[in-house]
Amino acid sequence: MDFLDEPFPDVGTYEDFHTIDWLREKSRDTDRHRKITTKSKESYWELIKSLLDAWSGWVVMLLIGMLTGTLAGVIDLAVDWMTDLKEGVCLSAFYYSHEQCCWTSNETTFDDRDKCPQWQKWAELMTGHSEGAGAYVLNYFLYVLWALLFSFLAVSLVRVFAPYACGSGIPEIKTILSGFIIRGYLGKWTLLIKTVTLVLAVSSGLSLGKEGPLVHVACCCGNLFCSLFSKYSKNEGKRREVSYYFPLKTLRLVLFYVEYHTPWYMAELVPFILLGVFGGLWGTTLLGKYPVLEVIVITGITAVLAFPNPYTRRSTSELISELFNDCGALESSQLCDYVNNPNMSRPVDDIPDRPAGPGVYSALWQLALALIFKIVITIFTFGMKIPSGLFIPSMAVGAIAGRIVGIAVEQMAYHHHDWIIFKNWCRPGADCVTPGLYAMVGAAACLGGVTRMTVSLVVIMFELTGGLEYIVPLMAAAVTSKWVADAFGKEGIYESHIQLNGYPYLDVRDEFTHRTLATDVMRPRRSEPPLAVLTQDSTTVEDVETLIKDTDYNGFPVVVSRESERLIGFVQRRELTVAIKTARQKQDGVVSSSVVYFTEDNPQVAEACDPQPLKLRRILNLSPFTVTDHTPMETVVDIFRKLGLRQCLVTRSGRLLGIITKKDVLRHMAQMMNQDPESIMFN
């Protein structure tokens, strides 16, 4: 009796911290689709069900987009409000941010556009005084207190309710999408806690961003809706196909809108490339991990040091936006405090008279201090046990450095206009150098150094800024930063975290050029016991249960006999366990001495007193992927990478010799690169 003619729960699922079998999941989905297509011809009801199955992918995409967009909007609004809450409150509506509070005010002026009676700082609200040392100290104290409260709530919620909600989530997401199982990482609790604590962590003023964690939030939304449709919930491979894209025509609003009125010049590629070198060096910074308790300490240090400097006190997104901006007539920033006297004589017609004013020099000192502060504090912040992204902090570091370099080049062009490199730059009445462009290039360089992205980074920067005509400077900086960072190490920050956690991730960019063979990597090795196998018609239920109990292998090859070792197929450990357990419950006569059959023909019971046999043909994979013992490992690595294999069997003339798992491949690659092979902890 083959009781598996009707599938039952748990067959086909995987253990936690294990890799899925992509080929098997693809085969199961093909069988499912074939059955639906066949049944759709039987009745109108089955036809409607087949159409619903076909449309389920679009429904899932729509639901993911709606929920992700809603959560992103709520997070953005909440961060703005709670960030401003550290400095003051809106009297007309306490849930308004500073900007929203002053929108409808008729009492703002051009010079003091951010001041309105409806918005009051805490010192003014509590004491009635907005100026003086006492008011400054009180505002300082409450700023630090709010920051500590937000960070304490964030780390406490993560630690108690959802430990997987910490970090950016991108290393784990990349590993999960490659076929690894991490139960609960994309669960409902993780989604809820990640959303709430992301708001708290960013609002606390720590040097972290929300863009990376939002990827984790979006994937949680995808997993949530996938569980509602059997097409995805019962197939781990199909579930990982759910993704979404943003066509170019949807890029209406951008995060940091940029509109420069000055073209860039070829000579400026030199400072652009130097910014790329800086970005590459930033990308090689060693980011450490610290205990949860240090969240409070780092937050306190961050708040105490950030408050006196206006460029570190404000949110990082606002800082980047100001650094990217070109100085126009409506700008009131210190960075735009240039001396514009129309009565002054011009040295040359091509260069306008724009010497830096006292505000610019003051801003340069503050930016220099902010740069040092951001570099140091980000190193300590990124590894903490709270939601934390690296995109925005990296962009901030690069934007600060870029703006400083841009202002320096701008003033050199003004004061040394007769130098040969500046002679042919300027048009009459236009600025020669745009410092905001240098900030954008610096941001791209630092982000490229951390992530090792090039073309995709330039596209991201274009999407964030809308600056299409500046692709060449961005590409020059991004490529340079990647070259410099690669000189110190090939892995980006996310790949480094994957390696640090020991996840079985095969990067498509990893090259394997060594001359080893499959026989050098396969198990068992010469010093190891023989390979654990099952025979097609001579293994008892007790033998199988003992093998499962004594080993921790994910599956077992099935051979004709132990003497011939002719390969028949491969059976998964979990499916074997569930099948035997279910057979004992549902099939009469199955006992420990029952013989397990993997053959196609029905087993014959010789005598009435013999125990009932157990046929498990249906859970046997009859086409496991095999290679010969002389297959080059370069080919094996390529096969694992492109087909997403969990394991492959090594044979010679049909005779089973050994097995190679994904963990074996990764450990062999690590060993060939003089790394610790034991760092790969999962299969």
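Numbering starts at 1 and runs along the chain as displayed.
Yeah, the Cβs are placed from backbone N, Cα and C, and that goes for glycine too.
Of the listed segments 210-229, 390-409, TrEMBL assigns transmembrane segment to 390-409.
The transmembrane segment (390-409) is not in contact with the transmembrane segment (140-165), judged by fewer than 3 CB-CB distances under 8 Å for residue pairs 6 or more apart in sequence. Secondary structure of the domain 'CBS' (620-678) per DSSP, as helix, strand and coil residue counts: 24 helix, 18 strand, 17 coil. Spatially, the transmembrane segment (264-283) is not adjacent to the transmembrane segment (55-75); fewer than three Cβ-Cβ distances between them are under 8 Å for residues at least 6 apart in sequence. Within the chain, the transmembrane segment (437-462) has long-range Cβ neighbours (under 8 A, six or more residues past its boundaries) at 258, 260, 262, 264, 271-272, 275-276, 278-284, 320, 323-324, 390-391, 394-403, 405-406, 409, 468, 470-471, 473-475, 477-482, 484-486, 490-495.
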